Ligand code: MG
Ligand code: MG
């Protein structure tokens, strides 16, 4: 059952999302060669608590960490480790926070120094596909419209779209209805509703779409060992249109990136 939110609840969810956005922005300054994902995890936990929020992943489904850090061929659900990040790596950092009883859940894939051009293009395309999908999250559309749009955008460029892991409804639970696959058929699946909030999160592979889980019981990697990218936003339907509650603005501030890609999905200016 889809749990729709009131305007007031959506504003509370924006606060939860922004705690995660700020955490990713703080981490953006720290993600560099030599740093370990365990170090990033500690920084993130301290930062989230300093904001009056609670780490959203820690303890959920017995997750041992605040962050899920998926390096290179890891798709998602990578557990933090003591391996230092190296020049040329990529790392998807997925982070959750609970504030006002609502979850924020949001992810960005970072480049460590200079990465291979084909990997850079994978990241760019995956991020573009996130916005392509968000554009379809509106009244009159269905779950399959978002999935179709993301799948087509990525497969047309030769990438593998992961099937086994999907986006989801978001609220007082991390995973609410409906599941939001990154593949699908136009006009199929549940209808979208005013006040609905979902996490849209394309997981896109440079090579095969096929994945496997490592023996740690968490980390999902590509079967061919090629890199995978992951970007995630929390999005509400307000006045029939998609409104992104999270933002990459803090990451861009930290990295010196100019971007207007979120502008079309904001009905009011975001005060950072
Ligand atoms: Mg996430
Ligand atoms: Mg998610």
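Note: Cβ is positioned from N, Cα and C throughout, glycine not excepted.
TrEMBL lists 94, 232 as divalent metal cation 1-binding residues, and of the candidates 82, 105, 216, 224 the one it assigns to that same site is 105. TrEMBL annotates 105, 168, 232 as divalent metal cation 2-binding residues; of 73, 136, 201, the candidate listed for that same site is 201. Candidates 77, 94, 175 (binding-site residues) were compared with residue 168 (divalent metal cation 2 binding site); those inside 10 Å Cα-Cα are 175. Residue 175 (substrate binding site) and residue 94 (divalent metal cation 1 binding site) are 14 Å apart (CA-CA, integer value). The separation of residue 175 (substrate binding site) from residue 105 (divalent metal cation 1 binding site), Cα to Cα, is 10 Å. Looking just at the domain 'Peptidase M24' (11-237), the mean pLDDT is 98. Taking the mean position of the Cβ atoms of 105, 168, 201, 232 as the divalent metal cation 2 site, the remaining same-chain residues with a Cβ inside 8 Å of that point are 94, 106, 107, 167, 170, 180, 198, 199, 200, 233, 234.
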